[in-house]
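Below is one structure, written out as structure tokens; comments come after it.
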Amino acid sequence: MAFQGKKLINDPNDAVTEFVEGLVETYPGLQYLDGFPEVKVVIRADASGTTYDKVAVISGGGSGHEPAHAGYVGEGMLTAAICGDVFASPSVDSILAGIRAVTGPMGCLLIVKNYTGDRLNFGLAAEQARSEGYKIETVIVGDDCALPPPRGIAGRRGLAGTILVHKVAGAAAAAGLSLADVASEAQRASEKVGTMGVALSVCTLPGQVTSDRLGPGKMELGLGIHGEPGAAVADLQPVEVVVSHVLNQILSSETNYVPITRGNRVVLMINGLGATPVMELMIAAGKTVPKLQLEFGLAVERVYTGSFMTSLDMAGFSISIMKADQTLLQRLDAPTKAPHWPVGSAGNRPPAKIPVPLPPSRSTKSEESLSRPLQLSEQGCILEIATEAGVNAVIGMRDSLNDWDSKVGDGDCGSTMYRGATAILDDMKKYYPLNDAAETVNEIGSSVRRAMGGTSGVLYNIFCKAAYAKLKANSDSAVTAKQWAEALEAAVAAVSKYGGASAGCRTLLDALIPASAVLKERLTAGDDPSTAFVLSSEAALAGAESTKDMQAQAGRSSYVSAAILATVPDPGAMAAAAWYRAAALAVKAKYEKAS
């Protein structure tokens, strides 16, 4: 049964921005960078990259997990938090803005949850920051203990245990340690923690329809924090039984996810997922501690109970267990002013908050201002027609893509692609240099990077940048069909290289790889270019539809069972096939009309 979720919000598209504004009004130690709505970065009000003399610790990710991550910004914990849209990775530009704003000569540690989009966006931002002269280290946290290995190329998900890693790293940085030592302590902490969650309901994204896939009397074990289906659905059990199952999974000697054995000291975190009453969390804590002590022979040194990393309004909780030693306990006990750490302190609220200006890039390259030509060449007309047809096809598929993605991911593929498509349409009218194919492709990538965010945004940006580099190497003003085919081939190779996926992994590449191969084959055989384009688009569509028969190896779908995957195609592949085929048909129609 589908129903419209009820939310106390304004425009769903403004929810994250307005959350940040309310957060900094509430806590005097927090501030935000100007640049809304594209840049949503919360920083320590007393930290500036020009004067900060300790290692900066930065984390972030999709919003919807509040108080993570912005609630942990403060002296002794995070220096900045980068907020993406709901369940979508933040953009590279936002991450770079945060790095530039708070990183001084001691450098910066990025703590990243293990999701493809977060790894890609934070990774690309780290590489750019290094090229600007910043010292950067990265720690990836994957503390999920719900799913048995192997899980394709995606690996273990980053869950609530990440918050403990934030605290350890923040305390180490506050103590004046070097970047290498702060990163080392964070890495050791990430390797000592395991987490598993259980839920009674799915979450409702702002402005979207949701459904209760669990039904009455059911609970889900091992689900993800973005509403992904869990490892198993079971009948609702008393919390004592649920706790026993979760502890056995985390501390299993067969999977050996955490190096915890009888006699060890541990830290326990009971984390609410957003709609769980404090009473139920405390009941879970009260049942967990004695089980750890009596059944597993562990010394429970610290217990943290509350909502630390939520999933919007999901009902349920997760349990995190971390192996402890004296150094780690000292880091956890160290003072912090982060407002949502259990021992956070308050301060006087200033009368007004003035946004901190966006820091400039250290890059000396000045980008030439581009504009739409007054008169389009034949190539410019074709490029405009193809681009417009492709993005309109994506816009028309928004609801279908969201519906497919709600079954195999987090339900926002259509909305994400829609943001990118509308940005391309708007920007094309203003300043795309359509007579210059290479620069137009580059500008499409810039539009996508600014508007989309998440895994899709960074992958399509990589796609466009690689195609641009190939096209730019051509000295002729007109681009031949063969050169377009070579650019497509280079773009597909770049997405595969950086995203880690290949044919058969159930991604957008399952549409683009066959398209590239058929285009090259038909052009070599001497087909008319527009005919070859259409034939390759048929291969793209067939490849996308074939993803129903594939087990996902990348992205959030890799955590979903084969039975669910078999009911729908991969949304990303269908979106890629749609824009590619629409563009091909538009070009074919243009040439037929001309002849």
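Residue positions begin at 1 at the first shown residue.
Every residue gets a Cβ built from N, Cα and C, even glycine.
Just so you know, TrEMBL annotations never went through curation; they're auto-generated.
Record features, source TrEMBL:
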DOMAIN    11-341  domain 'DhaK'
BINDING   Gly62, Ser63, Gly64, His65, Lys113, Asp118  substrate binding site
ACT_SITE  His226  active site, tele-hemiaminal-histidine intermediate
REGION    339-373  region 'Disordered'
DOMAIN    381-585  domain 'DhaL'
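Structural mapping of features recorded in TrEMBL.
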residue: Gly62; record: substrate binding site; contacts (Cβ under 8 Å, 6+ apart): Gly84, Asp85, Val86, Phe87, Ala88, Ser89, Pro90, Gly117, His226, Gly454
residue: Ser63; record: substrate binding site; contacts (Cβ under 8 Å, 6+ apart): Ala15, Val16, Phe19, Lys40, Cys83, Gly84, Asp85, Val86, Phe87
residue: Gly64; record: substrate binding site; contacts (Cβ under 8 Å, 6+ apart): Val86, Phe87, Cys203, Leu205, His226, Thr310, Ser311, Leu312
residue: His65; record: substrate binding site; contacts (Cβ under 8 Å, 6+ apart): Ile225, Met309, Thr310, Ser311
residue: Lys113; record: substrate binding site; contacts (Cβ under 8 Å, 6+ apart): Ser59, Gly61, Ile140, Val141, Gly142, Arg157, Gly158, Leu159, Thr162
residue: Asp118; record: substrate binding site; contacts (Cβ under 8 Å, 6+ apart): Gly61, Ser89, Val112, Gly158
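Once the Cα atoms of Gly62, Ser63, Gly64, His65, Lys113, Asp118, the listed binders of substrate, are compared pairwise, the greatest separation found is 15 Å. Mean pLDDT of the predicted structure over the domain 'DhaL' (381-585): 89. Other C-beta atoms found within 10 angstroms of the C-beta of His226 (active site, tele-hemiaminal-histidine intermediate) number 25, with every protein chain shown included. In sequence order, Gly60, Gly61, Ala68, His69, Gly84, Phe87, Ala88, Ser89, Ile225, His226 are the residues of the same chain, not among Gly62, Ser63, Gly64, His65, Lys113, Asp118, whose CB sits within 8 A of the CB centroid for the substrate site.
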